[in-house]
Each structure stands twice: as C-alpha cells, then as structure tokens.
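S.K.: Provided herewith is a single structure, encoded as structure tokens, for subsequent inquiry.
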Amino acid sequence: MEPLIEPTDIPYLPRGVRLQGDRVRGIRVLQAPERAMQLDPIGDAILSELDGARSMSQIAADLAARYNAPQDQIAGDIRDFLTGLIERRMVFLKEAT
Amino acid sequence: MKDLPGQPPVQPRDLDGNPVTPGLPMAMLAEITHRCPLACPYCSNPVELTRAAQELPAEDWARVFREAADLGVLQVHISGGEPGARRDLAQIVASARDAGLYVNLITSGIGITRDRLLELDRAGVDHVQLSLQGIRPDMADRISGHPGSWDKKMGFADWVTEIGFPLTINAVVHRQNMERLPDMIDLAEHLGARRIEVATVQFHGWADLNRAALMPTQEQAAFARRIVNESRLRLRGRMVIDYVPADHHAIYPKACMGGWGSTGLNVAPDGSVLPCHAAQSIDWMRFDNVRDRCLSDIWNLSDAFNAFRGTEWMPEPCRSCERKTVDFGGCRCQAMALAGDARATDPVCSKSPLHAQVVARAEEDAAADTAEFIYRRMKKGG
C-alpha cells in the first residue's frame, strides 16, 4: 500500500468526522459521512492525537515517548492506519507552514 | 429488550418459530415525507405514497430519535421524498443531533434555499448527500421530470461547499444515462465531493413499472464496473467511490441491508417501521408503528423484524450454501417480486432455479425499444 502521508504532513479530522464514544456498545467509534467505524485502543490513541497542529512525525515521537515504544515502528503503524483513513476521506492533511 | 416484571422473557422467533437473537441497529433511515418536487421513474418510495396529513409530527420524530440512540443507532439518514418539503426540517434535524445521532441529509437539493441551508447548518446537519439524475439540463430534467432541476442542483451544490458541509453525490444509473458515468464522476470531483455513490437502479416499486425503459444491458453493466475500477485508482485519496452494481447481471445477490433486521431500520413518513425501505412490497407482512409501540420493542420483538433473522428460515439452495452468512439469501423484496415468495432464494442468484428466467427477462427489458417513463406521482384526490 503506497502511503498517502508524509512525515511532515499535519493530519486532522475534517468537518463531518467525529471521534466519539458509543455508550450502548461501550466502544469508541469514528463517525463520518454514512460510515461508523469501530476503533481499537491503538486507533483511538492515534486519532486522539490529531490536533491540526502537530505533524505525523511529531505525533509519532510523542506516542513513542508515552508508550515507551520504538519510534520507527510507531511511525509505520500511524502511517499505515492514517493512509487507510485518507483513502476513505476520513482524515485530511495540511502541509506545515 | 424490556420484560414485564414477573413475566418470563419473550423469546424472539423467526417466521417458522425458530429462536433468533436480535443484534443492535447501527443506522436508521428516517423518511420524513413522501412529498417531492421530482418525479424520478425509479423512486424508492412505495407506489402507494403517504400524504402530508398522515406524516409523523416533529415531536414524535424527536422521541423516535431518542429511542433509536438508546437502542444503539449511531447514524440517521434523513430522507424522503424530499425532506426539504417539510417546513419543520430544521427542528427535526436538531432533535436528531440532540439525541446524539450523526445526521446525514439526503436531498434532491430542490426547494432548499441558501438561507434554509444555513439554518440546517445551525441545526447540526453533519453531511449532505445530493442526488444526481443525469448530466446537463436536458438529461437531468427529463429523467427527474422537473424542468430546471439541473440548474437548481448545481446552485445548491455550490452553497453546500461554501458553507463547508461534507458532500456526497448520489448518482443513480440505468440504461438511459450509464454512458455518462465518467462525466458524473468528473462532476462530483469538480463540485468538491468527498464521495460519490454510483447506484444502479434497483427494480422495486416505481422502477419495476419502468423496467423496459431503465434496465441496463450486460455491456453497460460491464462498462460501469470498468469505469468505477479505473476511477477508484485514479482518485485514490481524493474521492471515494461507492458502487451498487446491476444485480440482475451478477452471479450472487446483494447482501440486502447486511442481513434482514441485523443493522438497519427504516421509519416511513407515517411512522411505520420497516426492515428495509421496500418491505411493504411483501404484501402479507404487517408493520408496527412508532405511534403505538416503542422502537426497542419493534426492533426486538416484532414479527416483521424477526421473520428473516438468522439462517434457520432459509429454504434450499440457501440452507446448505456456504454464502448464506455472506449474502443472507439476497433481497427478500426481490424474492417476493420475482418468485412470488418472500422466503425464496433471491432469483438474481445464479443458484436460484428461477435465475435463467430472470436473466432472460432482464435481457428482454434491456433490449426494449422504449425511453418513455411512468413518472412517480401521487394519485389525484384522496
């Protein structure tokens, strides 16, 4: 799968995409136009970091530090996960200014 | 589900009396009106349309949305008819958001002004889906039966993107417009849509009355598939293409509703609750109404929802088929329409004994030399 995001890109949830809890099922979901996607704890952790200010590489560094995990591996996981969501137009990118 | 104190729990059963286990619904289609300025000859509304006087009031919709959210529904699709035909649309939208639902507005774009769209923005619409009947005024206006529809739609699409709603284009394709599919995809991209749904006409209700004018040819079905596949590659990361193929030309049927009574429900304008929007074509089936019974009881306990849950109700060849939990025997309404029996294997399935007949009839309709439509209209008077 060819990645659709560069380390310096700033990923964000666009209008119409919401990260929220599902009180009936007790899970976390990503709501988007005519889609609701169940998130595992890793997906939830990644998406909770999207603040529209930090780049993907900064997010990877922060998560690696927090979970005491190798940054390269975390960066790869984030890139693949976000590429899947960019393909579905559930995550947008802006370039660093 | 709720049980009365001191009563044994009620066991939901399918139409043969086999025990079934209802799951949790994810999505609700709220058809708040059948009124519509368009007259598309493939309209998914039933041939017997509900009149304004029978429509569920906004206060009842607010209660239904709360009950739906409590039941596990995450998204509501507010549709019609044309939902904008109701003056209280913004109030209905706001009550759905108050209930915590994600609100998709499914519209023709006709009759909603820019000011009203701003009001709907304040009310909390999350996403707008705009229908497309064709390309350019001549084609779009003829198919929708509404002169001026094309220009109004293009104006509406501009307001949607100006306000900032995510936009989906819903292009319904059939024999008379399938050649223009590449232009429809280009248009959606040009309008800034995040998604386009390319939906081949499903032959229920009004569309069934217009089979001879709408049925695509085998070549067209193959063309559409190729265009969708090529466009998906070209537009990767820029626009999503969802595709509902022509199932009369398929090997296996579509998994209608992802399985009967499994993930979705439909509330009709008068408050009837249906397992799918065409379910009223199953003439022996009775449907509960939100005016009489709470949504949770209807979902969990009603005969209509339990009738085709699980796989025990299935006859052969479905019963021993390895795909029975993939496509669930196909569409019950199509089985009703084509086999005269709602529990039969969907006759579009290549394993159905009626398959050869269905294909022959589709070929015959596809070759028919007519472009004339029977337009969707409410009956006069009444």
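Glycine too: its Cβ is placed from the backbone N, Cα and C atoms.
Taken from TrEMBL, the feature compositional bias 'Pro residues' covers B:1-11. Look at TrEMBL and you will find B:1-22 tagged as region 'Disordered'. Taken from TrEMBL, the feature domain 'Radical SAM core' covers B:22-238. Taken from TrEMBL, the feature [4Fe-4S] cluster binding site covers B:Cys36, B:Cys40, B:Cys43.
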S.K.: Give the sequence-ordered list of residues that share a chain with B:Cys36 ([4Fe-4S] cluster binding site), lie 6 or more positions from it, and have CB atoms under 8 Å from its CB.
M.R.: B:Cys43, B:Asn45, B:Gly80, B:Gly81, B:Glu82, B:Ala85, B:Ser108, B:Arg376
S.K.: Under 8 Å Cβ-Cβ from B:Cys40 ([4Fe-4S] cluster binding site), six or more apart in the same chain: what's there?
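M.R.: Listed in sequence order, they are B:Gln133, B:Ile143, B:Ser144, B:Gly145, B:Val172, B:Trp206, B:Tyr375, B:Arg376.
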S.K.: Within 10 Å of the Cβ of B:Cys43 ([4Fe-4S] cluster binding site), how many other Cβ atoms can you find? Include all protein chains, please.
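M.R.: Neighbour count, Cβ to Cβ under the 10 Å cut-off: 23.
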S.K.: Excluding B:Cys36, B:Cys40, B:Cys43, please set out which residues of the same chain place their CB within 8 Å of the center of the CB atoms of the [4Fe-4S] cluster site, keeping sequence order.
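M.R.: Output for this site, in sequence order: B:Leu38, B:Ala39, B:Tyr42, B:Ser44, B:Asn45, B:Gly81, B:Ser108, B:Ser144, B:Trp206, B:Arg376.
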S.K.: Mean pLDDT over the domain 'Radical SAM core' (B:22-238): what is the value?
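M.R.: The predicted confidence over the domain 'Radical SAM core' (B:22-238), as a mean pLDDT, is 97.
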